[in-house]
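Novice: Okay, here's the structure, questions in a sec.
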Amino acid sequence: WKTIAEAIPGRTNKACRKRWKHSLHPSIKKTPWEPEEDELLLQLNAQHPGRWALIANHISGRTDDACAKRYREALDPNLKKDDWTKEEDERLLEGYSRHGAAWGKI
């Protein structure tokens, strides 16, 4: 990876390796998640909460990053999926006016 990084100015060997492993490797699925994959992800996360690398080893073609993102953005049972209320919008706007784009504080 060091040799490859030397040919790509501004990129480290670690960045090149991660880009290959998590985005460009031909075995990585870029298709939408299938219901069976979602179910398996939920089962595995129940058994091994947050251990995304371990979980990804059991879901063909999905990386640890992809598994974590899918869970956080679509499958987490704590996610609110209904429309935003006026109060929620106001709270978000208020947080932004106080903290700017420091989303961790909002």
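Backbone N, Cα and C define each Cβ position, glycine as well.
Dumping what TrEMBL says about this protein:
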| type | residues | note |
| --- | --- | --- |
| DOMAIN | 1-24 | domain 'Myb-like' |
| DOMAIN | 1-21 | domain 'HTH myb-type' |
| DOMAIN | 25-79 | domain 'HTH myb-type' |
| DOMAIN | 25-75 | domain 'Myb-like' |
| DOMAIN | 76-106 | domain 'Myb-like' |
| DOMAIN | 79-106 | domain 'SANT' |
| DOMAIN | 80-106 | domain 'HTH myb-type' |
Novice: Quickly jot the same-chain residues contacting the domain 'SANT' (79-106) by Cβ under 8 Å, restricted to those at least six beyond its ends, or write none.
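Specialist: Distant contacts of the domain 'SANT' (79-106): 73.
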Novice: Looking only at the domain 'HTH myb-type' (1-21), what is the mean pLDDT?
Specialist: 96
